[in-house]
Amino acid sequence: MSSISFLVKISVLILWDINGNLSFSLYRFSLTLIDTLDTLVLLNKLDEFEEAVKKTVRDVKFDNDIVVSVFETNIRVLGGLLGAHVMADVLKQRGERMQWYRDELLHMAKELGFRLLPAFNTTSGLPYPRVNLRYGVVSPLSRTGTESDTCTACAGTMILEFAALSRLSGDPIFEENARKAMDVLWEKRQRGSDLVGTVINIHNGDWVRRDSGVGAGIDSYYEYLMKAYILLGDKVYLNRFNTHYSAIMKYISQPPLLLNVHMHNPTVNVRSWMDSLLAFFPGLQVLRGDLKPAIETHEMLYQVTKQHNFLPEAFTTEFRVHWGQHPLRPEFAESTYFLYKATGDPYYLKVGQSIVEKLNTHARVPCGFAAVQDVRTGTHEDRMDSFFLAEMFKYLYLLFSEKSQLPINIDDYIFTTEAHLLPVSLSTTQPPCHTNNTEPQAHEDDLFSYSCPSAQTLFPNNPTFAKTIRDSYKYLTGVGRAQQASSVRGIELPLHDTGLEPVEFLKSMGISLTPLTELVSASQGSAFQDSQKGVYKLKLVAEVSHTPEHEEVVPLIVQLISPPFLGQTVFTAGPAKFGTDLTKQQHGVKGSIVKSVPYTACGPIENAVELQGHIALALRGDCMFAAKARRLQEAGATGVIFIDHREGSSSAETPLFQMVGDGEPTDDITVPLAFLFSKEGATLTAALEEHHNVDVLLLPKEKQLGKEKPEKLNIKFRLAKEGELAEGETESTTIQLVLEQSETDTETNNEAASLIRENQETCSSLQKDPESSP
């Protein structure tokens, strides 16, 4: 595919709307012109770039009585000027172009920086969300300065541009103010969860909105912590990012979803939909080196685009449209580019191709591209934001380009959130600002956080590891999968006020909740918490085992047989309706236990080599038992012991149940399976951690205790005839018992022998009193 064939020519830098009418520039200065300058360089439009810089220097003025967004002006205009200055300087140093250039763009950036600085004049140091470029925020003429709140991303997305401006101009005031704002956000994080909220009061630092996620309102704060470390080399930013990232992966990441939670109660989701801005996060995870969750979330997003052509502004956990707009956002293309750079997998070129094709098919208009008003109808909106040219074109062009085609070494630069290029060499320009003494210090045990996970280590000798991860989410939205007619039964389940026990019980039988999120409006307040009580719609995803009344669940046991246990430690376990039938195994199944990685076994098994020939331990939850069993069997496990994820559950207090399949045929699962409740599982895992090598025996409980019912036991009563009497017996009528045993194990034979002895005693008594015989 040609790397430039899909691009419109943007060398004509007059912005027209989709109807062909001349459009005024946003904020009365040439926003699109400035935001697109360094894109021209990457596209090798060097003549057009030089001409555009001349027009910018000549025509753009900032002394205007207009109120602007501090956040948008910083990332689009200030960032655009700095990126263009860096590119102009590079071209000038080569001696071929821009020889007339005397840092005019840098001077303009510094002027704009000073016009933004009044926004930081608050008690906390967090900036006002808006500022008047001529009158600041306190003047009666400013028409701003009355705001009390700002979003976390608005305050936390200044450090790259302001630090670069300080280090390029030599004036530290910009970096100092941006750094202070970052410090406030860090200090105001929720210490229990290490998460931040979405909206904060700029005067006292109190949180106004406490929902926490990685999408709109917070997104680029996390991005700028990581990138500030890359650009400036200050480990303070890396320490903060790692702390937040651990919290994100613990609470917000629910692979492949990223769901908002309460920052102070992070186990509770605050909504059941996601916004499209979170599509940047896989790209950030690539920078962090965490490829597996990046691949998972990106694949989920790709499946959504297959279903709706573009990412809707918001979509539900069932991948339905929540908000239908698509303003040509570039975040998904950004993550696609970073994943291709990290993996080299041509799959991501195909993803990029699909982006290009859908833009040309559904967004292209005679004078450019138009935002989509509703992805369900495909209607257009009369707008094309500057980030479409600044970011979308840039990432798509880089995705399809070879390094040799680029006029610069792209690896020498870091992208801002608006995809402007800043050189990583800035870290050597001057020392970082004075660090906060309250910063957490990295301990020796935490030094791994300064390095990136190795794909070769995680997925040894597996060049298709990305495909292996993606395959789990291939048909996530149902698009592309052959649909089979099935009858889905809807049932109503009134929940008790005391909790979700009925739901957990149904889940254990293979019934999955289908949340009716589209019926809950945002105006209903804490809808999630309220919805835990009331009526749920359920979908039967696996056939429940209809055990006849006379057929009981046969309990299993997990017996620890290696030293020092030597069979004395025994746990009661639940059976499965699929896999090896342990009741038909004469001696049970024996093996050493190894914990699965991941512990839930809901993704590709990372320690397959260790599992070969051993019994795997896996945690219940996140996916069906059958899916876990298949993965572990394919990894080489000879059996699986599932451990309940509900804390405190035990076989003494909770009825045993049979694990069931996932609605698909389970004949392919041939390993034995057992289920332990939480308390028993905790004891087993503690034994493994202490002794490292623990052998167990899996078998039915009755067989182990010697109480297995014989297959056949016939007892015949008959009167002894003459000639059959033993020596010394009288000829009087006697009753003799004859037992015909089936072939059973030793324990059963012993039990039968005991029964024979009892019956022999009965016979003796009958001989003494013949009249008592039947």
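Each Cβ is built from the backbone N, Cα and C atoms, and glycine gets one as well.
Annotated features, as they stand in TrEMBL:
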| type | residues | note |
| --- | --- | --- |
| ACT_SITE | GLU72 | active site, proton donor |
| ACT_SITE | ASP219 | active site |
| ACT_SITE | GLU313 | active site, proton donor |
| ACT_SITE | GLU331 | active site |
| BINDING | THR417 | Ca(2+) binding site |
| DOMAIN | 589-684 | domain 'PA' |
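Positions of TrEMBL features highlighted on the structure.
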residue : record                    : contacts (Cβ under 8 Å, 6+ apart)
GLU72   : active site, proton donor : none
ASP219  : active site               : ALA153, LEU277, LEU278, PHE280, PHE281
GLU313  : active site, proton donor : ASP275, SER276, HIS322, TRP323, GLY324, GLN325, HIS326, PRO327
GLU331  : active site               : SER276, LEU277, LEU278, ALA279, PHE280, GLY283
THR417  : Ca(2+) binding site       : ILE75, THR157, LEU160, SER220, GLU223, TYR224, PHE280
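For the domain 'PA' (589-684), the number of residues in each DSSP class (helix H, G, I; strand E, B; coil) is 21 helix, 24 strand, 51 coil.
This prediction places the mean pLDDT of the domain 'PA' (589-684) at 89.
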